[in-house]
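Chemist: So that we are looking at the same thing, I have put the structure below in structure tokens.
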Amino acid sequence: LLIQLLCYQGATVWLPDPDAVWVSGLLLQDYSPVEKHLLLELSDGREARYPVGSPSDLPPLANPDILEGENDLTALSFLHEPAVLHNLRVRFLDYSSIYTYCGIVLVAINPYEQLPIYGEEVIDAYSGQDAADMEPHIFSVAEEAYRTMTREENNQSIIISGESGSGKTVSAKFTMRYFAVVGGASQQTTVEERVLASNPIMESIGNAKTTRNDNSSRFGKYIEIGFGRNGDIIGANMRTYLLEKSRVVFQASAERNYHIFYQLCASRALPEMRSLKLDAPERFRYTSRGGEMHIPGTDDLLDLERTCNALTVLGNRTELFRILAAVLHLGNVDIQASGRTSEPLAVFSKLLGVEGPQVAHWLCHRRLAVGGEALVKPVSGQQALEARDALAKHIYGQLFTWTVRRLNSALRAHREPARSFIGVLDIYGFETFDRNSFEQFCINYANEKLQQQFNRHVFHLEQEEYVREELSWSRIEFSDNQQCLNLLEGQLGVFDLLDEECRMPKGSDESWVLKLYDQHLSSKRHPHFQKPRMSNGAFVILHFADAVQYECDGFLGKNRDTVFEELVNVLKASQVGTWNQVGFNLFRRSLQMLMDALDGTTPHYVRCIKPNDLKEAFTFDPRRTVQQLRACGVLETIRISAAGFPSRWTYEEFFSRYRLLLRGLRGQEHAGASCRQALPGLIPDPDQYCFGKTKVFFRAGQVALLERLRAERLRVAAVIAQSRVRGWLARIRHSRIRRATVTVQRYCRGAAARRLALTLRYTKAALVIQKTHRMVVVRQMFLTLRQAAVTIQAFTRGTSARFRYRLLVAERAAVLLQARVRAWLARRTYRRVRAAVVFTQCCARRRAARRALMKLKTEARSVEKFRELNKGMEVKLMQLQLRADQEVGEGSSITVTILSSIHALKLCLLACVQAREAAALKETLHAERQAASAELEALRATVQKLGSQKREKPRPCTVTSEKEAEERRRAEEKAAQEILQLTQLTHTHTHTQTRTQELAMFTVPLLRSLSLSLSLRGADLRADGALPLPPGLPASVLFLCVRQADCSGDQTHARALCAAAVTAVKAALKRCFKVDRLLFQSLNSGEVVPLASDLGDSMRALSDLRIQAYQQLLSVAERRLQNIIVPALLESENITGLSGSAGKPGPSRKRAGSDPRAAAVGGDARTMSAVLRELGALHAALSRQDLPPALMEQAFSQLSYLISASAFNSLLLRKDMCCWSRGMQIRYNVSLLEEWLRGRGLQAGGAAAALEHLIQAVQLLQAGKKSDRDAQALVQSCTALSSQQIVKILTLYTPQSDLEERVSLNFIRTVQGHLKGRSEGPTPQLLMDVRRVFPVTFPYSPPAVLHAEQLVIPESLRISFLRRV
């Protein structure tokens, strides 16, 4: 009846299709039971007629558009195969989302492409969040298991299954990586590293290339990761199942052996591998049978390096490589007809340390026990080859088991047992090939067991929900595969008959199959057993997923796994001690142990899907996908959910969505009563819904019916509103037309009158124009004639005047030429006379100058005259030198300066005496004498002034340090031996004065302030006692003490004091976990002042401590903010009534009490006021300690980045947050934070810029998303967001009300086209790195001169050993 009501014109249905499995069709007419066909329009535009014999033959209905792309399949209104397939295809191809929930199952589709969704920033985003709030992800399943384990202290398990190539191994690796990051040990142990290092080891020895997957796991593994009391990893244990040992000796076409063999062959040139005598893989029989030697895109040599790095946990890897090389050489052993073996046997024997003849003998012979006697019997060549292959498989199987045991020993790092564990099961999925053998039989048997456990668990959870809500329900029936399991493992079942046949001396595969036919076909036909029509050596098992035909060849041999006892004894006597540590457990027993372990845990399911067989990125093959959905149990989950009440809403959600259909009480507080009162009128059949304590439950399809009723109610309301609006618009239009008609008539009459007046005006104007025109023509003619007469007269007069002018010019030029010639002749005569007179004068003067020069040279050779003139000055200089030698003490440096000046003056005088020019010598000597006299007077005054100052004040110290005495002695020797240049003397004098003044400036206040006792090293720096002190007081006290020790010359005690201060600060930092204490340490750890002592190490240690305190301060602040950022910015609703209008239908995935964020925080603990309160407390503490504003801006810039990154990452992973109304809420919350930063002047330091990513993401949610202009505006405005982030937000955008529209795929493609021209980094990340730390710069401000009188030291510091002097 429900389907008949919903099959109306315009509804969408699903039709079966041989290629696409299901195609959509649009009904072109309403369904009528009378008609036998439905008229449909297919998705490609073709019309079709679908036959309908009865209402039960109606095609499946499509879900409403609002549910398209839902992240949980159980939230769909219609739960059937086409709806599941379509939803997965939309999410995978249109939204690029590879993960989808199906109740408690996570469906993971292999994208065959590296996606940036597994970084540490993604782990941080999922850590601590509820799975129901986040987008589906493998980390979400891991987080739910981890939080449930830590909260309830129950063991958990994550079961990952799927076909080969579907991504099981990768999903398991990411799961263990998540546990290693979130549950990292507090100590610096290598437990997490060992857990992760086990992956490359097991991949190399247990994975191989198949036709379906380049890295297929050929074994199943179950890893139990143990956790301690604090949730940290303390160990792990691994169990393996059903290693495919037959691959060691045989590979199908286009397949490879295990990776480790090819890695060893690729590294044969390495020094450590030469003793193994390896060769190319083409030369070994066991690595060349598949014909595939290399995998495109992989490097076997590089993979071996990673394997070797991981093998360090095993210790002796050389022994492992020797055994593997021996297996390769064993495969090249040829058995000749005479029974002799080939050369590779010698290499095999040498590598394993066994006797070659013994191995050769027992490969070709077999010991039989006959009548109590042992007989040795030769075997055929084929049997010898089978014995060789069996030995190779046995060696590799034992080596694999030994490796797993060594790994388990290395993973048990702690002796104490784990408090709880999480098991990760990476096991093969259901397999069916063209030829299925014993391995596929065991794999499918294991999947049968797991499917039974899965069905019962899903059924249990479904019933548990009904009991919790106190529903009156009947038992849900679901398909159980117990009959198939009884066929396999029951009495006289397949396994029972197989074991019985293996015990028979002459048992064979053919006789075993005949027994199966007799038991399950002839005597009593089993519903899950069939016989192929064309074969007597095969049988068919009807599994839960599909019917599989098994070929019986090799079943008995593989089940026995027979190796001759003599060969095993030879291996036990070898030098390789591996064989005695290994045992063999039957597959059935280990599988039963696995099922017992899973039954004792809370399971979480991950189903991996292979979308296509071509391994192409984001290519969806619906036939392959449906086949896997049927095999992995996803559709079974849908069937169980559909059998009960799959759609469930809280009363508040139902009231918010369907308040249009409800009557009676309209308040949100009466939502339950309104639902109970209105639903019987909306859905007549009471069996289609049920009321619980907090939820209302619906059967499949009822939500679609309610959506139709809601849409019909909205349509009726819209028609009424449209009719009223259209009538109002018509009346307005009529009045406007009437007013317009009157206006047009008025304007027409006025226009006619104005046209008549204009005609009269034009007639009068024409007459005036004619008159004026005639007058202008006659006047122009008169003016032209007059102008012509005047022109002719002017030209005639000009010609006459120019003729007269040329005659005058020619006459004047002749006169000028005559005058110039006469003047030139006169000047030539004058120059000749002057030259002769000058030559005569020059000859006379030259002769007189030569005579005067000879006279001056004679006088310059006698120097005695000048020495007599300078004798008095030298006596005065010697007296001044003697007085300077008697000065000691503080004026020693000045004395050296005076001596140097005296010698420099002597040098100048001697240089002046030796001058060649007499006149220049006299002038220079006179100037130097005056300058020397002036400088001597100035130096004499300086010496007298220093002497008076020395007599007035007492000397600070009567003992001159050795360093000063040495400097004075060296200066005197240097002054006596050589003469310095005057410029160097001036520079030295200036530097000495500067150093003396600096020393005096720091020494005098310190001598008056403090005297340090040598017992300061025993002082205890306590942050608690220093918090109420004035800012900077502890640093000031420490600085004065260090300065006093430095000025006293006691460098040892100064260094000891600094070391004690550094040690005390380190100890205080270890104990500090509060913001105020860390502020005290970060503020008082970094004042650095130049000292005379060598305290470089202490200064560097203090700088490191300052950075450590700053980072620890931010770490504490981030820890306090981390848990409230996302609830405050994204979930809190400060604008009331904005997002509560009409919510989208959605499932509730939360189990009872599964919310990890407990409601222990009350009040406004998750609102913006809590965030601002934390920031305000930090800012108050920073201000109280007088932290520099630049450092404060850097700290809040780091915290703003953390807030923005955490909220932004959560926004990208939560589909329910990507809507217009939620964007408005988030923008308002961000504006509160911006206002807080502006109010405290912190926006200029980068704190406001750190919020840009979040602001632009919110703007993207609020902007229009329809036209190409909107796309261009989005690309231009979202400059801080990467292309991946923009596309991710657009794909996640989900309308939450009827007023919003879904973002079309064409618009997303348009945005991607505009984003192609963007220049971004090499590898743009989807999420922001919340662990990013900005570099910090500590501003340096020179400290002022400190005085002890200005410091008030309280008694609580207990530093009474400091005293003032």
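Glycine is treated like the rest: Cβ placed from N, Cα and C.
Unlike curated entries, TrEMBL annotations are predicted automatically.
According to TrEMBL, the protein carries these features:
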| type | residues | note |
| --- | --- | --- |
| DOMAIN | 68-711 | domain 'Myosin motor' |
| BINDING | Gly162, Glu163, Ser164, Gly165, Ser166, Gly167, Lys168, Thr169 | ATP binding site |
| REGION | 591-613 | region 'Actin-binding' |
| REGION | 945-965 | region 'Disordered' |
| COMPBIAS | 949-965 | compositional bias 'Basic and acidic residues' |
| DOMAIN | 1093-1317 | domain 'Dilute' |
| REGION | 1139-1160 | region 'Disordered' |
Chemist: What is the set of residues, excluding Gly162, Glu163, Ser164, Gly165, Ser166, Gly167, Lys168, Thr169, whose C-beta falls within 8 angstroms of the centroid of the C-beta atoms at the ATP site?
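Modeler: The answer, listed by sequence position, is Asn110, Asn213, Ser216, Ser217, Gly429, Cys608, Lys610.
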Chemist: Which residues of the same chain, at least 6 positions away in sequence, have a Cβ lying under 8 Å from the Cβ of Gly167 (ATP binding site)?
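Modeler: For Gly167 (ATP binding site), the qualifying residues are Ala108, Asn110, Cys608, Lys610.
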Chemist: Would you mind checking how many other C-beta atoms are within 10 angstroms of the C-beta on Gly162 (ATP binding site)?
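Modeler: Within a 10 Å radius of the Cβ of Gly162 (ATP binding site) lie 27 other Cβ atoms.
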Chemist: Give me the mean pLDDT over the domain 'Dilute' (1093-1317), rounded to a whole number.
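Modeler: Averaged over the domain 'Dilute' (1093-1317), the predicted model reaches a pLDDT of 79.
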Chemist: Same chain only, sequence gap of 6 or more: which residues have a CB within under 8 Å of the CB of Gly165 (ATP binding site)?
Modeler: Asn110, Thr210, Arg212, Asn213, Ser216, Lys610, Lys615
Chemist: Far apart in sequence but close in space: which same-chain residues, 6 or more away, have a Cβ under 8 Å from Ser166 (ATP binding site)?
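Modeler: The answer is Ala108, Asn110, Gly429, Cys608, Ile609, Lys610, Gln628.
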Chemist: For the binding-site residues Ser164, Thr169, which Cβ has the most other Cβ atoms within 10 Å, all shown protein chains included?
Modeler: Thr169
Chemist: Does Glu163 (ATP binding site) have same-chain partners at least 6 apart in sequence with Cβ under 8 Å from its own Cβ, and which are they?
Modeler: Arg212, Gly429, Phe430, Glu431, Cys608, Lys610, Gln628, Ala631
Chemist: Relative to the Cβ position of Lys168 (ATP binding site), how many further Cβ atoms are located within 10 Å?
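Modeler: Result for Lys168 (ATP binding site): 27 other Cβ atoms within 10 Å.
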